[in-house]
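One structure is given here, and the rest of the page talks about it.
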Amino acid sequence: MRLLGIETSCDETAAAVIEYNNESSSRILSNIVWSQIDHHAPYGGVVPEIAARAHVEILDHLILQALTEANTKLKDIDGIAATSGPGLIGGLLVGVMSAKALSLATGKPFIAVNHLEGHALTAVLTHNVKFPYLLLLVSGGHTQTILVHGVGNYQRLGTTIDDALGEAFDKTAKLLGLPYPGGPALEKAALLGDKNRIPLPRPLKGEKRLDFSFSGLKTAVRQAATAIAPLTENDVADIAASFQAAVTDTVRDRVHLALQHFTHQYPLSHDQEKHSPALVVAGGVAANQALRSTLQELAHQHGFEFIAPPLSLCTDNAAMIAFAGAQKLAQGETSSLDIAPRSRWPLDEKAIPLIGMGRRGTKA
């Protein structure tokens with residue numbers, strides 16, 4: 001079957017068509033992404049109203065382009081999947097209403113997809129990874145370790161108690177005067193810097209809880225930058241390198257605990273005669289090469305296979321939404337046209353909050 005996917009949760013407008021036969025033989029027929037970076041760069045961050053208006057202006061064109069590249073007519077589509085949360089509500093409304101309109105016009109089912117579930121299942125699309133696996137989701141709005149037991153079955157182990165990792169990258173880059181988007185700019189600057197020059201904290205390192213924290217690290221960077229201002233290019237590079245080293249050390253420590261938790265919960269998954277368990281990284285920050293290298297080394301130390309989707313599927317895209325929607329549709333799951341988009345929508349929505357586990361993230 002063929003699914004049309006629509007993604008409008010933040011500052012990328014995207015449409016895609018996939019062909020789904022089963023989990024191990026699905027193909028991306030088209031995957032169109034239009035970035036709004038130029039719209040938001042003058043403001044140093046995403047402006048929600050500008051983002052929503054940009055989605056309105058371009059989405060219809062992208063849907064047509066996705067269908068054309070997939071050599072597929074709308075009447076041949078078996079279902080229409082759209083990101084329905086979490087995210088910026090204005091953008092979500094654009095995508096959801098467009099998907100509902102197409103569903104009404106064609107009589108094809110509408111499938112509301114959790115944006116986080118799209119990221120969580122991308123590795124199944126790209127690498128045919130087997131359930132269960134451990135997911136590290138790192139983006140501008142989320143930093144979570146999640147046990148993926150199966151489609152629709154997720155167990156959050158840890159989350160950020162303050163800022164998401166992508167947000168920390170962007171705000172640190174802005175503090176250093178680096179261009180928007182800040183994450184890639186900071187990573188590039190760090191290549192030229194001395195990571196040992198600026199002593200920075202590793203928040204929560206050594207603690208048994210599985211949560212993350214990055215606000216204190218941001219504050220330490222601000223204090224260091226203020227102490228040596230005005231900043232030279234070398235200063236900026238050294239601070240960027242020191243920040244990135246602190247981040248990778250912190251993430252390594254947190255994921256180390258999550259891998260131990262996984263091994264305790266699934267001891268038989270280490271039976272090498274079957275297959276190695278997998279550590280999957282997803283989300284926009286997963287494009288950071290220093291983070292990838294650190295996680296790959298850590299995974300191998302624990303006997304895990306390390307899986308990172310292609311860079312084009314780490315950032316927001318509609319192929320992952322179409323694939324998640326296809327898996328739901330294959331299980332007979334569709335959504336009512338009365339469903340409303342949600343700015344907050346945790347993957348483990350039915351889980352009982354645990355004391356000391358922190359809040360559920362800025363968008364979850």
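Cβ coordinates come from backbone N, Cα and C, glycine included.
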- Message: Based on Swiss-Prot, name the residue from Asn22, Asn31, Asn288 that is recorded for the same substrate site as Leu137, Val138, Ser139, Gly140, Gly141, Asp170, Gly183.
- Response: Asn288
- Query: According to Swiss-Prot, His115, His119 bind Fe cation; which of Asp249, Asp253, Asp316 is also listed for that site?
  - Reply: Asp316
- Give me the Cα-Cα distance between Gly141 (substrate binding site) and Asp316 (Fe cation binding site), rounded to a whole Å. 12
- Find, among the binding-site residues listed as Leu137, Val138, the one whose Cβ has the highest number of other Cβ atoms within 10 Å in the structure shown. Val138
- Note on the structure: Going by C-beta under 8 A and a gap of 6 or more residues, the same-chain neighbours of Ser139 (substrate binding site) are His119, Ala164, Leu165, Gly166, Gly283, Gly284, Val285
- Spatial neighbours of Gly183 (substrate binding site) that are distant in sequence (at least 6 apart) but have CB under 8 A: Gly166, Phe169, Asp170, Ala173, Gly284, Val285, Ala287, Asn288
- Item | Cβ-centroid neighbourhood (8 Å) of the Fe cation site, His115, His119, Asp316 excluded | Glu7, Ser9, Thr83, Leu116, Gly118, Ser139, Gly283, Asn317, Met320, Ile321
